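For reference, the structure discussed in these notes is given below.
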Amino acid sequence: MTNTRKTHPLVKIINHSFIDLPAPSNISTWWNFGSLLGLCLVIQILTGLFLAMHYTSDTLTAFSSVTHICRDVNYGWLIRYMHANGASMFFICLFLHVGRGMYYGSYTYFETWNIGVILLFAVMATAFMGYVLPWGQMSFWGATVITNLLSAIPYIGTTLVEWIWGGFSVDKATLTRFFAFHFVLPFIITALVMVHLLFLHETGSNNPSGLISDSDKIPFHPYYTIKDILGVLLLILILMTLVLFSPDLLGDPDNYTPANPLSTPPHIKPEWYFLFAYAILRSIPNKLGGVLALVLSILILMLFPLLHLSKQRSMMFRPLSQCMFWILVADLFTLTWIGGQPVEYPYIIIGQLASILYFAIILLILPTISLIENKLLKW
């Protein structure tokens with residue numbers, strides 16, 4: 001008798017991806033974040049769908065429609081805060097997932113890695129446009145400041161910005177198109193995730209040692225399905241604790257004031273997960289230079305496969321590289337802190353030093369240390 005799970009055209013795909021998938025026997029909890037990101041995406045799409053049923057993308061009613069969702073819609077407050085804090089959980093998982101890839105050398109699967117970087121850009125774009133939708137003060141001014149950066153592009157800059165705005169300032173046309181894009185992008189992200197998995201399953205998963213694990217594989221189910229369920233429960237626990245006890249912990253109080261083009265908030269800053277990039281942007285006194293640094297701060301991830309000069313794939317047996325990696329992590333925390341501070345002494349200089357260090361570690365220090373470690377192997 002044939003097993004439907006292995007022969008049915010549709011079920012067969014699921015079987016090869018999540019049930020009979022050969023997985024390394026030693027992958028740690030750091031490999032849980034892929035499935036958690038999948039869960040985050042599902043949560044965001046579902047809560048977003050229900051929010052879209054009650055939201056109106058008009059400058060006159062957007063703010064009130066969000067208030068209406070929180071006050072009058074059944075469990076609307078829960079859906080709204082799950083969506084807002086779900087974005088934070090999404091980015092926490094993303095940063096940990098990327099960090100895991102950097103530490104264990106997963107970027108040597110460069111198709112999977114590059115699709116992942118494109119996914120990171122897509123999620124950041126989606127989150128930015130979603131933040132504009134409630135049409136509070138920070139929504140409006142955040143949209144104005146960030147879209148205005150494109151005017152730094154030589155020759156076509158101003159025209160491009162006005163084309164994105166759909167007028168001469170951030171207004172009704174901008175809000176409507178941001179809503180349209182915010183709705184459609186998660187589905188594009190879902191398609192990209194499938195491509196990401198397709199490329200991953202061509203090679204199989206990496207593992208903490210960075211060594212080929214073909215001789216020691218175990219089936220994904222039940223071993224890693226059970227392990228993933230633990231991660232899922234912990235993620236839901238953290239998310240629901242945040243949503244039910246302090247839903248506004250990570251938000252900005254300014255966004256509870258309706259958008260007013262005539263009054264600028266004292267400190268314009270994005271959500272916490274963009275602060276590191278915002279700090280890099282602000283650390284360069286030139287507009288175009290800042291924009292380039294902002295884009296490069298994420299785009300630099302695509303260079304990782306080229307900058308890998310070590311004879312070992314993972315950092316597991318490379319103490320000098322490990323040390324530098326954790327300095328990079330500390331540097332990113334510093335940048336995140338600086339991004340939320342006002343532009344004044346000493347924050348300006350700290351931000352500039354942290355930005356220089358960020359690029360120096362990735363482009364110069366880590367590759368150099370890799371070469372030193374290669375030499376040490378021969379001793």
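Glycine residues also receive a Cβ, built from the backbone N, Cα and C atoms like all the rest.
Straight from Swiss-Prot, the features:
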TRANSMEM  33-53  transmembrane segment
TRANSMEM  77-98  transmembrane segment
BINDING   His83, His182  heme b b562 binding site
BINDING   His97, His196  heme b b566 binding site
TRANSMEM  113-133  transmembrane segment
TRANSMEM  178-198  transmembrane segment
BINDING   His201  ubiquinone binding site
TRANSMEM  226-246  transmembrane segment
TRANSMEM  288-308  transmembrane segment
TRANSMEM  320-340  transmembrane segment
TRANSMEM  347-367  transmembrane segment
Exercise. Determine whether the transmembrane segment (113-133) and the transmembrane segment (288-308) share at least three Cβ pairs under 8 Å, counting only pairs 6 or more apart in sequence.
Key: yes
Quiz prompt | Chain residues outside the transmembrane segment (347-367) and at least six past its termini with a C-beta under 8 angstroms from it | solution = 279-280, 282-284, 293, 296-297, 300, 303-304, 307-309, 321, 324-325, 327-328, 331-332, 334-335, 338-339, 341
Quiz item: How many Å lie between the Cα of His83 (heme b b562 binding site) and the Cα of His201 (ubiquinone binding site)?
Solution: 30
Quiz item: Does the transmembrane segment (77-98) reach the transmembrane segment (226-246), going by 3 or more CB pairs under 8 Å (6 or more apart in sequence)?
Solution: yes
Self-check item: Chain residues outside the transmembrane segment (226-246) and at least six past its termini with a C-beta under 8 angstroms from it
Solution: 29, 32-33, 35-36, 39-40, 43, 78, 81-82, 85-86, 88-89, 93
Quiz prompt | Where His97 (heme b b566 binding site) sits in the secondary structure, as DSSP reduces it to three classes | solution = helix
Exercise. Measure from the CA atom of His182 (heme b b562 binding site) to the CA atom of His196 (heme b b566 binding site) and give the result in Å, rounded to a whole number.
Key: 21
Practice problem: Would you mind listing the long-range same-chain contacts of the transmembrane segment (178-198), meaning Cβ under 8 Å and 6+ residues beyond its ends? | Solution: 17, 38, 41, 44-45, 48, 52, 55, 57, 112, 115-116, 118-119, 122-123, 125-126, 129-130, 132-133, 143
Quiz prompt | Inter-residue Cα distance where the pair is His97 (heme b b566 binding site) and His182 (heme b b562 binding site), in Å | solution = 23
Self-check item: Local Cβ density at His182 (heme b b562 binding site) - other Cβ atoms counted within 10 Å
Solution: 21
Exercise. For each of the binding-site residues (His97, His201), count the other CB atoms lying within 10 A of its CB, then report the residue with the highest count.
Key: His97
